[in-house]
């Protein structure tokens with residue numbers, strides 16, 4: 001976190017260059033909250049229209065494969081998946097394909113519950129925190145990989161506005177999934 005800590009600034013003081021108090025700003029960074037997110041009609045349309053073009057099996061495998069290659073330490077969560085030694089082994093692994101599909105199916109379900117994603121993902125958050133012990137940073141990393149896959153698939157249709165909507169949605173997902181940790 002680059003040295004950010006609660007108490008680093010005096011409680012209630014203004015953050016430099018911001019209208020936010022330092023205490024609340026730092027608390028939000030250290031402990032993400034999954035409060036109700038306001039979605040504009042344009043943001044919802046951008047997410048749902050691009051999601052309609054997603055192939056959960058193919059794109060789920062691609063996003064999870066990218067995660068496992070770009071962040072190889074995440075492979076420790078998939079020790080039962082067999083050979084994950086290189087991109088060919090990873091992308092051709094039936095367990096990676098199956099889990100990628102499962103993850104993107106959950107993302108699709110969350111899209112159907114955008115207005116209350118925290119409550120919708122509460123059980124999944126709890127299982128990842130208490131049973132699987134997944135580092136919540138990996139939710140963010142997977143989201144980044146998913147955005148790359150979407151941009152690759154959609155090409156010019158993945159406009160800056162579409163990307164901004166997806167980034168907002170991924171942040172809401174990450175906050176909701178991280179909720180069980182705090």
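Using the three backbone atoms N, Cα and C, a Cβ is placed for every residue, glycine included.
Listed in TrEMBL for this protein:
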type	residues	note
DOMAIN	38-182	domain 'Globin'
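Taken through DSSP, the domain 'Globin' (38-182) splits into 119 helix, 0 strand, 26 coil. Mean model confidence of the domain 'Globin' (38-182) amounts to 88 (pLDDT, 0 to 100 scale).
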